Amino acid sequence: MPLTGVGPGSCRRQIIRALCLLLLLLHAGSAKNIWKRALPARLAEKSRAEEAGAPGGPRQPRADRCPPPPRTLPPGACQAARCQADSECPRHRRCCYNGCAYACLEAVPPPPVLDWLVQPKPRWLGGNGWLLDGPEEVLQAEACSTTEDGAEPLLCPSGYECHILSPGDVAEGIPNRGQCVKQRRQADGRILRHKLYKEYPEGDSKNVAEPGRGQQKHFQ
């Protein structure tokens, strides 16, 4: 039997198929790159559409930056230019309800951040010693001491006094320790001392509050 060889036509068909496959792969890669480049824009458009809400549907105002709705209809409220999203308004305005329709209104500034002062807890010292109710205002992490051990005591700023939290031990050379608190005044103008730590001969100790002026002292 004669051998059947591969003719020129068969080779051309294989080359054409290979070229077609290569073109398909290049087209698929190009389409993938185009889709990746277009995806962020599509997501941004979707976000804006969701913010604006459905066409003709109700849209709730942003309560955090919108002024409260007026109780009475302001003049010209229904004739104001309407909006559907904050992006349609100038920089310092928000799309809010003006009593008749959604329009660009002045944004309300966010509420201020309050830095609450620390309220110390009363602490029992053991035996007959205790601390009275803590002061109303305390400087955050402001330590102080009234013990004079040859050096200047760690005093508080003007208008504050040292509220003793730990009496220390003079015999052991341990100074007392406290926190700076704002001074309170009585009706007659005298400063109310938050606490004076007293020790009695029989060994008992207690803390008392009494009016007076000047720095706190350690009584023997």
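Even glycines carry a Cβ here, placed using N, Cα and C.
The feature signal peptide is assigned by Swiss-Prot to 1-31.
Feature annotation from Swiss-Prot assigns region 'Disordered' to 46-70 (among others).
When pLDDT is averaged over the domain 'WAP' (59-108), the result is 84. The domain 'WAP' annotation in Swiss-Prot covers 59-108.
Annotated disulfide bond per Swiss-Prot: Cys66-Cys96 (among others), in sequence order, evidence recorded as sequence analysis. Counted within 10 Å of its Cβ, the other Cβ atoms near Cys96 (disulfide bond) come to 23, all protein chains included.
The disulfide bond feature in Swiss-Prot is assigned to Cys78-Cys100 (among others); the stated evidence is sequence analysis. Neighbours of Cys100 (disulfide bond), defined as other CB atoms within 10 A of its CB across all chains, total 16. The secondary structure of Cys100 (disulfide bond), as reduced to three states from DSSP, is coil rather than helix or strand.
Annotation comment: Swiss-Prot describes Cys83-Cys95 (among others) as disulfide bond. DSSP assigns Cys83 (disulfide bond) to coil in the three-state reduction, outside any helix or strand. With a 10 A radius on its CB, Cys83 (disulfide bond) counts 20 other CB atoms from all the protein chains.
DSSP assigns Cys89 (disulfide bond) to coil in the three-state reduction, outside any helix or strand. Cβ contacts within 10 Å of Cys89 (disulfide bond), excluding its own Cβ and spanning all protein chains shown: 19. The disulfide bond annotation in Swiss-Prot covers Cys89-Cys104 (among others) and is backed by sequence analysis.
Taken from Swiss-Prot, the feature region 'Disordered' covers 199-220 (among others).
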For the disulfide-bonded residues listed here, Cys66, Cys78, Cys95, Cys104, which shows the highest count of neighbouring CB atoms within 10 A?
Cys95
